[in-house]
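Accompanying notes for the structure given below.
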2 protein chains.
Amino acid sequence: MNVSWPSVHPVAVAPLPALEGAIAVPRIRMKDMQGMPATVGGLCLRISQFAFAVMSLSVMAATNDFPSVTAFVYLVAAMGIQSLWSLSLAVVDVYALLVRRSLQNAAVITFFTIGDGITSTVTFAAACASAGITILISNDFNKCAENHCTRFETATAMAFVSWFAASPSFLFNYWSLASR
Amino acid sequence: MNVSWPSVHPVAVAPLPALEGAIAVPRIRMKDMQGMPATVGGLCLRISQFAFAVMSLSVMAATNDFPSVTAFVYLVAAMGIQSLWSLSLAVVDVYALLVRRSLQNAAVITFFTIGDGITSTVTFAAACASAGITILISNDFNKCAENHCTRFETATAMAFVSWFAASPSFLFNYWSLASR
């Protein structure tokens, strides 16, 4: 708590003295667990979401036959959404850390929670759909010779890692929304 | 709170007279939103999770060629887990409603939240994987003539509906865990 207390104040009355110095005092930071917005942990989560989403997108987009499977096209689209969202929130986190500003505001947290919920669901759906197809090609059909199985598997794994980093962000934001 | 109050107590103290009838009074229920455990809304969610999971399982298991695709086998397994979990919690809800007992206990809510989180994730993963395969068969390969596309689609849709009923249970439980 960065509240500065005045050095002199009345003795008898309960004076609420803290508010008199409120102009110079920086904003009060509520309980910021690591992993929440505007913490170093939160920034690390955002950066890893972004990095793995971009890796998944690049690996999948580098195969020449991904547009023939709907699930792979959906994976590319979902990774695009996830990387854009994570990059934006990483920038917000960097700004908040630099100016030492808390993002514990009901509207902001609600927006982050809904956005994180949607993007992480979309990412997980894309990863699961791609995993289903990849396993179908490699294990059930045994057609890895004529398909880019390794690339599909890599892209799918990166998508799962991106989701793994995205879901804590959602859970932290939802927790802080509920516990305020 | 099962605290028994002594029948004789000093007069000067604030006597909390309402508690003298505490034997006949039902247990105090904390803020129970509809949809939480031990509410009618929560019971409805559990029953719909169970019903749609069983429907999805039956429709998929009724096709003769589902074991050739890993994702469909996984769907059957996931729907089995989801239906067992939802049925158990529906029974707990019915019991809690009948004896008018609140389930707002930290350990109980934590257990429900973790269980709901795992089962709803598994259900959603199975639904997405099946959806990926179903779309691959029907749209990308156009092989509905030799496959049970309609049954696969029905089973996938039922799985999604079951997840749709399971995720509010998780969100409600997690919310009540965070806000206690």
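Indices start at 1 and increase along the chain as displayed.
Each residue, glycine too, has its Cβ placed from N, Cα and C.
Taken verbatim from TrEMBL:
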{"type": "DOMAIN", "residues": "A:37-165", "note": "domain 'Casparian strip membrane protein'"}
{"type": "TRANSMEM", "residues": "A:37-59", "note": "transmembrane segment"}
{"type": "TRANSMEM", "residues": "A:71-96", "note": "transmembrane segment"}
{"type": "TRANSMEM", "residues": "A:108-137", "note": "transmembrane segment"}
{"type": "TRANSMEM", "residues": "A:157-177", "note": "transmembrane segment"}
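For the domain 'Casparian strip membrane protein' (A:37-165), DSSP puts the residue distribution at 107 helix, 0 strand, 22 coil.
Within the chain carrying the transmembrane segment (A:37-59), a Cβ under 8 angstroms from the stretch's Cβ atoms is held by residues 75-76, 79-80, 82-83, 86-87, 89-90, 92-94, 96-97, 101-104, 108-109, 112, 123, 151, 154-156, 158-159, 161-162, 165-166, 168-169, 172-173, all 6 or more beyond its ends.
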